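Below: one structure, written as structure tokens.
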């Protein structure tokens, strides 16, 4: 145990940068948050200004320490968690970006992805990187910058330009250009990293014409990478000692560090990750294979599945359908009826993600009869989030052969007790909701704290992890399967809607 009293987690997200100060009992002492500009140069293109990312993140660090009235010499370490896949390319000499950050949501590299498919790279990419060919991942974004900024590829070959995901960019700035690193979890989202050899993949670098000289060193998620003196009063150099991409940080924050443990984050969409231990499981059900953190930040593997519409479907009830005036009201109205009266809502507004991967599916409401009212539709919309989660979990169990015993949950929608109970009912599994909801920041703090001895081991952290509420299945297996079969029938009818229309 150190005499330093606090850990700071920097949580660099897609729309805001946050700093969270935690004490030795993993209690939150102070939080600072700043939003920054979203740049949309063309339809489907999304950018951030890397200097604004840096300015917003560094100012939240200073603010969070000032709010808590803490000197930098009281901080044991800083941990970083970040929006994944987003790309920055900058000059080694000046630290100046040569282009805006291209954000994970940006679709501009769709044609590069199509070319990779035409070149027969799809199967290799799945096996080597664990990913599917999609503009979502970093590699094609780096290629796009090198293709479109004059002279940049030659400069990169000469070692004048550097590439990094957001974690790498922040650490470069925090250490005044002394440290150029990333961690295994972020590297595994680039489509440039071989998740089996744990090294940058030469075949992928050649395919995208990306010089190796511009890539960061890849390190464990929990170790000291460098020191920073940013943070206001005290002037002491603070170790930067933890890095993980946001979903992997949440998995670690939920202490899902053993094979078969899983968490689901309920945000705009859902991200479910299951730790598969030391073996990388190749999915045959449309899931991603990715790197997660083991008990000491070492490499573990995970399966990841994404649901596109979770919280977004509740926003649709509020903003477009005007059935509720606040997202929190959905629980109240859903519990005014005893069931959905046979209604199923399939919220495939932008197609369906894992395990269907059908961009042509469209949203639909099935089972309407004269007795159906708005409460039934609200309830069915909430239930659709739980059904989609079961779809992903079934794919995970089929790929891994692991039976889930409990699902840990986080994100905005977990405050909805009706949804959490129905989730448990439809999975036939315990659902555990933690007391501390800031699990992404918690994961980054844990990784940093373990690296510097602020916490000794995971047993110490387990003692601090309080499950605020546990939901247990309250329906019989026959009822569960009957309801789920109705969902599957509804999804089947919503698939390929657009294609059917065009035929």
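Glycine is no exception: its Cβ is also placed from the backbone N, Cα and C atoms.
Swiss-Prot lists 14, 84, 85, 136, 246 with the feature sn-glycerol 3-phosphate binding site. Within the same chain, residues at least six positions away from residue 84 (sn-glycerol 3-phosphate binding site) with a Cβ under 8 Å of its Cβ are 104, 165, 185, 186, 189, 245, 246, 247. According to DSSP, residue 84 (sn-glycerol 3-phosphate binding site) is assigned to coil rather than to any helix or strand.
Residues or ranges marked as ATP binding site by Swiss-Prot on the basis of sequence analysis: 14, 15, 16, 268, 311, 315, 412. In the three-state DSSP scheme, residue 16 (ATP binding site) falls into the strand class. All protein chains considered, the CB of residue 16 (ATP binding site) has 14 other CB atoms within 10 Å.
Around residue 14 (sn-glycerol 3-phosphate binding site), taking its Cβ as the centre, 18 other Cβ atoms fall within 10 Å, counting all chains. The feature ADP binding site is assigned by Swiss-Prot to 14, 18, 268, 311, 412, 416.
If you take the C-beta of residue 136 (sn-glycerol 3-phosphate binding site) and look for same-chain residues 6 or more apart in sequence within under 8 angstroms, you find 85, 104, 105. Sequence annotations record features per position, and here Swiss-Prot assigns glycerol binding site to 84, 85, 136, 246, 247.
DSSP assigns residue 268 (ATP binding site) to coil in the three-state reduction, placing it in neither a helix nor a strand. Residues 14, 84, 85, 136, 246 are listed as the sn-glycerol 3-phosphate binders, and the farthest two of them sit 15 Å apart at their Cα atoms. DSSP assigns residue 136 (sn-glycerol 3-phosphate binding site) to coil in the three-state reduction, placing it in neither a helix nor a strand. All protein chains shown were included, and the count of other CB atoms within 10 Å of the CB of residue 416 (ADP binding site) stands at 21. Look at residue 315 (ATP binding site): DSSP puts it in a helix. Looking only at the binding-site residues 268, 311, 315, 412, the one with its C-alpha closest to residue 18 (ADP binding site) is 412.
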